[in-house]
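Asks: Next up is a structure, given as structure tokens.
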Amino acid sequence: MFEARLIQGSILKKVLEALKDLINEACWDISSGGVNLQSMDSSHVSLVQLTLRSEGFDTYRCDRNLAMGVNLTSMSKILKCAGNEDIITLRAEDNADTLALVFEAPNQEKVSDYEMKLMDLDVEQLGIPEQEYSCVVKMPSGEFARICRDLSHIGDAVVISCAKDGVKFSASGELGNGNIKLSQTSNVDKEEEAVSIEMNEPVQLTFALRYLNFFTKATPLSPTVTLSMSADVPLVVEYKIADMGHLKYYLAPKIEDEEGS
């Protein structure tokens, strides 16, 4: 049997909001260590990897490993029925074809329970190699979301240029071009407002803004976001989830066309 109780149920609601527009269905791998999900998006351009460690839940029990095929749109609809303050419990029998979701109001005067049908999914796990990155930028997640949103009014792609002193986001399109440069911050009162850059070598890469705007739906999960970049390997956009784990998105850079062609 699997049972996990999360007093801060809003975390699960935010996770689903961050996944559902990118992935239709995915396999939730449940083990004694926690909950993991790894899936390509429906157009096979980006990859999502979610980890929620068992110790981040308030109670957690998993007698044997489970692979639950979940329609994320359905799960998101059910989680919308939970209040932001609700305590959420997930429960499934070992060979179950349904997942139970129980929402308890904090005053315990209201309990809602839902059962969601599970799916049979054929899933291939992709190995994600450990990688050293040329540039790692940590910045406020709201700032990154705004930059991606603003530049998508200008063009379809963003060029991210990372140097020691700062990181530049540029886009160009029919109406012209736009550049946003963030300098490394030296002294900030709050750590989550800082921009920090670890650079081994400068990097300049181009990415589709459509996907970055999907990724920034995870902004409510974390006050900061980390961008890890190296030439010719996918960008990693990572949102830490409190004391529970992380949500990582991987996106391959666009290959620049030959001069003007």
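First residue shown is number 1, and so on along the chain.
In case you wondered, yes, glycine gets a Cβ from its N, Cα and C as well.
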Asks: Choose one of Cys81, Cys135: the cysteine that Swiss-Prot connects to Cys162 by a disulfide bond.
Replies: Cys135
Asks: In Swiss-Prot, one of 21-40, 41-60, 61-80 is tagged DNA-binding region. Which stretch would that be?
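Replies: Spelled out, Swiss-Prot records DNA-binding region over residues 61-80, not the other listed ranges.
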Asks: Using DSSP, how many residues in the DNA-binding region (61-80) fall into helix, strand and coil?
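Replies: Once the DSSP states are binned, the DNA-binding region (61-80) shows 8 helix, 8 strand, 4 coil.
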Asks: Of the recorded positions listed here (Lys14, Lys77, Lys80, Cys135, Lys164), which is spatially closest to Lys254 (SUMO2 cross-link) when Cα positions are compared?
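Replies: The smallest Cα gap between Lys254 (SUMO2 cross-link) and any of the recorded positions is with Cys135.
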Asks: Tell me which residues of the chain lie with their Cβ under 8 angstroms from that of Cys162 (disulfide bond), as long as they are six or more apart in sequence?
Replies: Ser134, Cys135, Val137, Lys168, Ile197, Met199, Pro202, Val203, Gln204, Met229
Asks: Fewest other C-beta atoms within 10 angstroms of its own C-beta: which of the recorded positions Lys77, Lys80, Lys254 fits that?
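Replies: Per-residue Cβ counts within 10 Å for the recorded positions Lys77, Lys80, Lys254 bottom out at Lys80.
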